[in-house]
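Undergrad: Annotations per TrEMBL:
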TRANSMEM  248-270  transmembrane segment
TRANSMEM  314-338  transmembrane segment
TRANSMEM  344-369  transmembrane segment
TRANSMEM  381-405  transmembrane segment
TRANSMEM  417-440  transmembrane segment
TRANSMEM  471-494  transmembrane segment
TRANSMEM  500-528  transmembrane segment
TRANSMEM  540-559  transmembrane segment
TRANSMEM  571-600  transmembrane segment
Amino acid sequence: SPLFPYSHSTIELFVNRLDSVESVLPYEYTAFDFCYDESEKRPSENLGQVLFGERIEPSPYKKNMECQSVCPKSYNTEKAEDKAKLEFLKKGMLLNYQHHWIVDNMPVTWCYDVEDNQKFCNPGFPIGCYVTDTGRAKDACVVNADFNDKDTFYIFNHVDITIFYHVVENEAAGARLVAAKLEPKSYKHTNWEKPDCTGPPMSLGNKFSGEIKIPYTYSVKFVEDKTIRWASRWDYILESMPHTNIQWFSIMNSLVIVLFLSGMVAMIMLRTLHKDIARYNQMDSVEDAQEEFGWKLVHGDVFRPPRKGMLLSVFLGSGTQIFIMTFVTLFFACLGFLSPANRGALMTCAVVLWVLLGTPAGYVAARYYKSFGGEKWKTNVLLTAFLCPGVVFADFFVMNLILWGEGSSAAMPFGTLVAILALWFCISVPLTFIGAYFGFKKSGIEHPVRTNQIPRQIPEQSFYTKPLPGIVMGGILPFGCIFIQLFFILNSIWSHQMYYMFGFLFLVFIILLITCSEATILLCYFHLCAEDYHWQWRSFLTSGFTAVYFLVYAIHYFFSKLQISGLASTILYFGYTMIMALIFFLFTGTIGFFACFWFVTKIYSVVKVD
C-alpha cells in the first residue's frame, strides 16, 4: 500500500538485477558479493519478469540514519576465491554495470545535471567507475575531481538516499512516498565501526595485490514534498527520457506516406478499375471479346493454388496469431494496464495471449490450406502448431544456454522453461487443433471466378514487374513509417530505458497496417496488369520484406549505438534480433496477403466472365 508508518523508522528497499549498456548479460545482486540480507525471503515474480531476467531481492538497507554501516567486505588477493570475487567486481565497474533499487515499486533514481541546465534522472546508478592508465575518467568518474589516480577503480560504497513523501491530510496519520532519489559516493572510511562519511574516496588499483577492506555504508533522510501528487509520481523519471517531439514528427512523417499511398490506391481503384470494369462489361459482341487485355486476361488463373501452399497457409495461421496478440496487447497498454509500474506485465500479457490464440491460427491455416486444394490436413495442423513457435523456442533455448553458461540472471530457471513448454503443449497445441477442426469442417472459400484447366503462359516481364524488385520496393514504405519508433523500442530493450509511449506505438501499428496493405495492393495490381497471376506468395513477401529492413536496421543500431563487447553478448543480441525479425516477418506478411486476397476477390467479382 502507498501508506507507510509516519515514524520513518525503516524503509523497505528491494534490489533488482544489475545490467549494463555494454553487455547484454544481466547479473543478480548476489553475484557481485555486496552486502545482502539473508533473513528475508524474495518477493514473488510474474512470468514477464522472469522472462526479462528481473531478480528482485530484499536488501539490508533499512534504517533511517545518518552514515550507517552495512557490512565490510575484506579481500585477500592471495586467496583464489577472493581474487575471483574482486576481479568480477572490477569487470562490473569496467563495463559500467548499474544497480537498480526499488522502494514502494518506484525505481530509486540518481538525478544529475547535464548540459543546458537539464536534469537527467537515471533509474539506476553504477557500482563504481574506472580511471584509465592515461588518466581519462570513464563514465561516472567524471562526477568527482578527486577521482584522479591512474589505472584505478573507484567504488561507490556509500549512498545518500532521500525519500520524498507527502502527508495525506484526510487519512489516518499516513504519508505517501512520491519519489526516492540517491547519490552514490565513495569514502575510504578509516574507522568503519564508527564511520563518519568524510575523507578520501575508496580506490582500488587495477594491479593491486594484498589485503583490502571495502566498507559499505548509507544514509537515509526523509523530505516532505507537497508539490508532487502520488498519482503522478512517475512523471519526473519519464520527463528525462527521450523526447516526445521527435515522436510527433515521426508520426506526421508516417501519415504523409500513408496519405500518399492511400491517394494512389484510391486513384487506381476509382479511375482505372472503374474504367476497366465498365469497358469489360460493355463488350457484348464477340469480335470485341477477342481483344481482352490487362488483368481480366488472367481471370482463369488468378485463383490457381500457389506452389508450396502448405507453408504459406502455416505462415498465415501463425501470422494471424501474432497479429491479434499484438493488437490486443497494445490496446491494453494504451489503456494503461501495462505501464512500467506493473513490472513484467507487458511480456506476461503477450505470452498468455499468444498461448490462448491457438484457435484462430489453426482455423486460418486450415481454411486457406483447404482453399489451396491441400489434402494433407494432419501435416498442416502439426506444422501450424509447431513450426513457427518451435523455431522461436529453439532460438530462445540456445540463447538461454549461453546465458546459463555465463552465469547471468536472465537465464531461465529450469522450472520456467518447463512451464512455458507446458503452456505451449497443453494449451496452445490443443487450441490449434480445435481451430483447425472447424477450419476443415467449413466448406472451402468461394472464388468469384472459375480456374481454367490449363495454366496460361506468363509473358516476358519488364524489370520492375519481376518478382524480386517488386518485393524489395514493397518493404521500404512500411519500414519508413516505423523506423523512428523502432529506435525507441530498441533503446528500451538494449539500453534499459523505460518505454511508455504506447499511445504512439498504437498509432504506428495502425499506420503500419494501412501502409503494408496499400503497398501490397498497388504492386499486386501492377503485376496482374502485366498478366502475372502468381500473387499469393508475392503479396506475402512484399510486405514481409519489411522484416529484412528491420534486420538491417538492427545491425546498424548494433554498430552505431551500442558499445556491446564480448562474444556472448554479440551472439545474444543477434539471437534475440532474429526472433524479433521472424515474428515481424510473419506479422507483416500476413497483413499483405489478406489485403491482396481481399483486393483480388473484390475486382474479379465485379467483372462479367463468360
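The backbone N, Cα and C atoms fix where each Cβ goes, glycine too.
For each feature listed, report its degree of burial, its nearest neighbours and the pertinent distances within the displayed model.
TA: Same-chain residues lying 6+ beyond the ends of the transmembrane segment (381-405) with a Cβ under 8 Å from its Cβ atoms: 25, 53, 310-311, 313-315, 317-318, 358, 361-362, 365-366, 411-412, 417, 420-421, 424, 428-429, 432-433, 436, 568, 571-572, 575-576, 578-579, 582-583, 586.
Cβ atoms under 8 Å from those of the transmembrane segment (471-494) belong to residues 21, 24, 242, 246-247, 249-250, 253-254, 257-258, 261, 464, 501, 504-505, 508, 511-512, 515-516, 519-520, 523, 538, 541-550, 553-554, 557, 561-562, 564, 573, 576, 588, 592 of the same chain, restricted to positions at least 6 beyond its ends.
Within the chain carrying the transmembrane segment (540-559), a Cβ under 8 angstroms from the stretch's Cβ atoms is held by residues 312, 315-316, 470-472, 474-476, 478-479, 482-483, 486-487, 490, 494, 516-517, 519-520, 523-524, 570, 573-574, 577-578, 580-582, 584-586, 588-593, 595, all 6 or more beyond its ends.
Beyond its flanks by at least six residues, the transmembrane segment (571-600) meets 24-25, 302-303, 312, 315-316, 318-320, 322-323, 326, 388, 391-392, 395-396, 398-399, 402-403, 474, 478, 493-494, 512-513, 516-521, 524-525, 528, 535-536, 539-544, 546-548, 550-551, 554-555, 558, 562, 564 of its own chain at Cβ-Cβ distances under 8 Å.
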